[in-house]
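A.B. asks: Take this structure first; my questions come after.
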Amino acid sequence: MDSSTTIPITPTRTPCFFNISSSFNEHSPLNFYDEPIYNFSSGHEENQSHKSSKLTFFKPSNTKRSPHTPMQNNAKAIRLSTTVRHGIFKNSDLDGCSKPFAFSSGLKLSKKIVDASTPIDLKRKRAVTSLSTGLLSKREKWSLWEGNLTNPRSEQPHTPCKKGTKIKLKPPQSPLSPTTSLLARKCKHIDLDTFSRLDHPNSDSSDETFEMEELPSLSYGSEDLLEFCETPCKSQPIFLSSSHVNNWDEKDVPSSLSWTPTSPIFLNINSADDYEEEEDWTSDLRIRFQQVKPIHESDFSFVYHVSSINPPTETVYVVKMLKKNAAKFTGKERHLQEVSILQRLQACPFVVNLVNVWSYNDNIFLQLDYCENGDLSLFLSELGLLQVMDPFRVWKMLFQLTQALNFIHLLEFVHLDVKPSNVLITRDGNLKLGDFGLATSLPVSSMVDLEGDRVYIAPEILASHNYGKPADVYSLGLSMIEAATNVVLPENGVEWQRLRSGDYSNLPNLKDLLLSKEKVQINKVRCAESLQCLLQRMTHPYVDCRPTTQDLLAMPEMIFISEHSQKAAIIYEDHNSWLET
């Protein structure tokens, strides 16, 4: 790695205070400078019971801002959607906290108030945590998104990938009016999406008109096409982006007729009968099920939340419809292979169960078990706003997902898209691996071009199309690094390259995260050290240096987890021993 490369700077943060309504006086807030949430000394925890109350944020007006403390937007409170609430905190709903409802900030700060002009105390050793690295933590990302409307990741340089473009399927869109198109070409500081929703003199006021949505495009005759040719990557849609326009002058429209059009050309690749076909398959779903609700749409599928048609034995399922148009780009054989793989994996308790499959109007429907607690990505994002996950819980999640991958690999399949958003959480808090859209059998043909999420993709897939079992181990290791360190993994750029080259210098040390707290037991430090060592082996740049799933399950740590774990994967549980007989 070039030593002159500039490390991304962590954005300035300001203080944030938590308050639980009906528990404390709002004029006496508990702040981040108090004691941490966890007290790891056994036998010294106070068994307190607190009534559940609404979690809100506020910022006292008499408090000075500090550049070292994260701030939450006081206009919005955190909304935890995961129903297994007690799995987030220690001893169910914050029992055992040294101070009730005092959340740890992840930084061990002094109680003095500092600002941007305060000199740095060089004698005091700074704590190495997830908030002091070049990578953003989940809490920092949330604060950055609240303060900025744009995605901070989009400003990073692109990461070279083997695919030149990614076609995104969209429903048919209403065409732009001539006035809107001309103004979009002339006004450089106009947002096309915002302007298309303004009231125009000749616009149709009917409620049935479609809203304009941006489609993937290229600006022919401009620099966009040159950038696309110079850097091969998964291209993102290119649109006009600038400040919002509140008013405009109609008399400026004719003068734009003589301008050379350089605005994006929007192309619609869907047929005009897509809406009629959607009505056909939804009507078929309503015949088979009741309470059919769409919950998600991706490039190649629709996902519906349905329930059985017999009320006495009502059961909730998820129906995934593989789009017919998607088969033109991925091949119908890919859809049939996904069905075949899911049918072979029905015996594994850590893989989403396929209940039924059928075809209607050339569209394939998959009926799957419903996981009530959403996906692991959502759980990590919500937990990351409050605290860093304890290493023992990460071990439990790693154990369950390793069993899922081991079952898949024994049948000579590879998943190729392991990431937290494809890991589902059941009602009791256990994990199941889903989304086998990229899964395939081994050996993978050289003609096959498969590529998962670039955040979790293994380096050998991009370098030499080497699809194998180690690629799944690498993606699982990165997913567990995200869970253990509470950082936002980079999509591209310098940090992306460092992780693929085995450079973990900007990742927080799990041992230091524990030592920043008081009264940490030695067994917990050993648990964190062994976890960090294993995750670095799983994400090794060289394929031969990574352990297999069978090697992982044979480790003493995995055997200890299988014998001593009493609760589900995402539920906190305290152990006074680690690898002790």
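Just so you know, glycine gets a Cβ as well, placed from its N, Cα and C.
Relevant sequence annotations retrieved from Swiss-Prot are reproduced here:
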- 43-71: region 'Disordered' (REGION)
- 148-178: region 'Disordered' (REGION)
- 160-169: compositional bias 'Basic residues' (COMPBIAS)
- 289-561: domain 'Protein kinase' (DOMAIN)
- Asp417: active site, proton acceptor (ACT_SITE)
- Asn422, Asp435: Mg(2+) binding site (BINDING)
A.B. asks: Would you count the other CB atoms within 10 A of the CB of Asn422 (Mg(2+) binding site), including those on all shown protein chains?
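C.D. replies: By my count, 24.
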A.B. asks: Rounded to the nearest angstrom, how far is the Cα of Asp417 (active site, proton acceptor) from the Cα of Asp435 (Mg(2+) binding site)?
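C.D. replies: Asp435 (Mg(2+) binding site) to Asp417 (active site, proton acceptor), Cα-Cα distance: 8 Å.
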A.B. asks: For the residue listed as 'active site, proton acceptor', just count the other CB atoms lying within 10 A of its CB, please.
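C.D. replies: Around the Cβ of the residue listed as 'active site, proton acceptor', 23 other Cβ atoms lie within 10 Å.
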A.B. asks: Check the domain 'Protein kinase' (289-561) for me and report the mean pLDDT.
C.D. replies: 88
